């Protein structure tokens, strides 16, 4: 259902687009009984699966609503605003000089139709307006500001828009007041009008939780109080009947008057029932139910506007909303023509376009029409960026004034017409006009004609003139490096809106490896847009590719906006053109060379196309800087398709380039079919190449069928670039041989352009073939990075990019495609790939661990369901972290910050101390200076904290440590940290992003750990070790042990590391340009290696050259560090390092950054070093807010401190005060074990995003285990044991008693017969008295025992 635009004539009640007559309410039920018919049911969408119980009669008196919570204290996202609160919230946003609340009129039931106007410098009333007393005057127009309107809740039961527009008002006002540059610019240049509810009566009769009203609900608030659908009540250019009388629809009358009395330029009509942006026309003359594309004359403009909204919406942009009522409904790019979706007569968006200057589209915001209030926060997050971006589009196109040339007076109602577009607009009072246009160069013609009538008949479009021919390049000559550099800079300067010139690094002889990006949004990867590259001049003496790419740059730039093919290509593709990969070799080459090798190799005399790692053979040559730069480039961008341009033949060759034997033979890749298709797409457009025998004068025996060949079948090449692309990235690359002559004469260059221009463009277009889409997380709808896309029977998977977007080139056919990701259940779909264009296939994956987590009574849970409970400030900060994590996010931060600092000298110990004290004196509210201890020569070891509450414990905030100067002879790190501290302080309360980072982070800076060594070191001593050790001659980076002896080491161990409250540590050193991660000591396995390497890579990737892995230090010129990142032990291993100690004893990951080849470079290099490292240092401040944030508590909510959190069965952290813990982890799934004395151990799994923290709450149960066994078992066993002991004791007591009684009886008898025995004893002169007694006693006893036991039995 679109735009909340349900067709009442359809029993499903999903589609909100009804073109049946609007019957009086009493006739609705009989009509409903008559509606279903086989023909009609074919188009009816299923009733919403999530529809709630039947609502009461739609127009029954509304029940008295319960008084809402105090708006000042309640969660603003936790409820819907009814009439009184809606007015109050809008009045609150009407700040003096910024906002004005007014009313368009009243609904049938007398409710006000409130609108809020927002623009800077607004005169008249502001905050404090009483909603019940506002009038209809929005205030005077502000010249030079185009008017935008957003209308919500047109269908009363489609409610998300009503709330979202209030949240938008809050966001715009708050952003303006806090100085957000984007929102300040927006309100300074735009006149925004927000109408949250056009149908307040219907809203009051709707019911929360009703996603798809059933037919018996009679509309459930959709219509106004007279039963009219407001979005079927406007005059229509294709109307088959009269719209309802305006007295029946006062809401429509109010909007028509509103449109006529203003000069709106852009508008959005916000609905619900699906997730898509639809654009005019909404109906057609045929009024066929669906399937007819009803095109306006401004179809391109409308599609652009719709895409601008959809592309920023995480669900809409996928084109696959999967609404329960129609799970199979899809929309390419998340947009649709209204009539093509389904026909709506009398819609508001068409009225805007036909009878005003306003361009309106309809935006369906949510599958559920009236979702529970708990979902409102997420709906706002989904639409926030889209809404702001959409408003900004009012500034595209043409604007100006129409004046009388003689008198200079302004002309009202002058007609502005655009050649080729049969839709005119008129100028307003003051002669002002705004004409929305997509970026195209067209003539605009103003005419002073009679005013356009309010209602005009449709006009036939004039014949469109033939499209002009593309502009061809004019610059045909050989460009040496300085000439090429000027050419590239010129076009980057002349076409800044579609170009970006950047460098991958430097060649051996330090020439820049330039790349020109050509894109509609240069510098940004737009989710869903594929990336393409051409590389030329890999062999320095093969120059045709170099010149063709320069020609191609000129061709694309000059034809963008005028040539439809070029415009479409640039708009939908991010194109990267590298004219020369081997600029050094080019400068050695000779014009006229046909088959020579002079200049072929780079300056180290290595063939770059034999220098890449190979799947079959070990490449022994050292990796060259040009090769490293390209490999790093390919790992940075999600390239889909590429071509490597060579010379010396005329053919397109495709992988593989070699095989196990290394001899010429066909070496088939798993994607042999698509590679042949790609190769043919080029050769077919080059007629000479397609013949296959073009270089017969040079190679008479060489023939290539249709101008293509398998690389290895031609000749075997090991270490080639095209195979490395295919095997190590998602990119499919072919090699194109462009000319028989390697370095032709300049006069022949126009011929090569003519032969190849069509082929170059046609090959680029192949990037849009096959399958594309998004892989999304079912839990939160976010894209999944590095998900695997595999195709059955083709053993070559590709992976998704940051937003979950992926591209998979395929030839037409049927395929079985599976998306999988670690921690998710895989999903498989059957897909048909067609000849034209890529088919969009989205995958939504369910986390495989979710069921097991849910079965644990949510003892450990990710805080997804509780998002609504988080405060707006937290949500705003999370949005900032996402923005800064996005491509170019940090660049935007740096551009908006205070000017660069003046780094011109090194600070001695005294200067450093005074500098730090100066910061504290000037910024006392955010800084605190602490003395950690003294060096061997009694210098202070300073620690500077920067936060909004310095020296106060804030366990919920992450804490980051920067340390420099552990080696005194490498003081660059010290200067960089001083610059970082000053940069942060200068921008606090000036730059919103920096302010928020400081407010939410505890930053600790130790600029010089070895001040004694620093005092001994000498500037410009690049390799000297003087000052490396402390005053006692000890290298401090070998003293971090359990029995550290040096005072500097003890100071940082005792006062910082052993506190165990840091989330990340960054140490700065010198002597190379790379990053190392733990461990420095040799170990078999590295716990948490993935995370440690991720942190190191993050720093290197934000550095302009470090990520290239080619430090090029003079004393180690051949050193190659892939990605600029290496484990410490693999580079310079040693024991007792600070980072190893930090990880083991401080439970804090630490990386070491080597900032320059020279230990102590000249002070003149400091500005450059700061510029190189600034972005990387700031990226650490952003990264420390990611990973996992958690709270540990018991069932009563009491925090549990000192609990042990074990991640991935290796990393351990402890909870702080308040039960908080924070640990940085690489993106992906991680296992969590939580242990605390007296509680049951908890197990779970958490997913970490690349651009946001994952929050978890761990709830402990009291431990019911004793000695590791369940309490119930232990109690049972103990009870049984006690019972057995008691019984045993009783038996023993009884036995002992009986024995005691027998003994007493025996002695009694002995005394009784004493006299008789006495005489006998006396007579026995021999024999033992004792033995006699014993014998007598024993006999007696035995006899008694026998008697006793016999009597018992």
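Numbers run from 1 along the shown chain.
Placement of Cβ uses the backbone N, Cα and C atoms for every residue, glycine included.
Looking at the stretches 1273-1296, 1297-1320, 1321-1344, the one that TrEMBL records under the feature transmembrane segment is 1273-1296.
In TrEMBL, the annotation region 'Disordered' applies to 1015-1037, one of the ranges 969-991, 992-1014, 1015-1037. Taking TrEMBL as the reference, the stretch among 80-101, 102-123, 124-145 described by the feature region 'Disordered' is residues 124-145. Across the residues of the domain 'Peptidase M14' (477-767), the predicted structure has a mean pLDDT of 93. Annotation for residue 737 (active site, proton donor/acceptor): spatial neighbours 646, 647, 648, 649, 650, 651, 652, 653, criterion Cβ-Cβ under 8 Å with sequence separation of six or more. Note: the compositional bias 'Polar residues' (1021-1031) comprises 0 helix, 0 strand, 11 coil (DSSP; helix = H, G, I, strand = E, B).
All protein chains shown were included, and the count of other CB atoms within 10 Å of the CB of residue 364 (active site, proton donor/acceptor) stands at 32.
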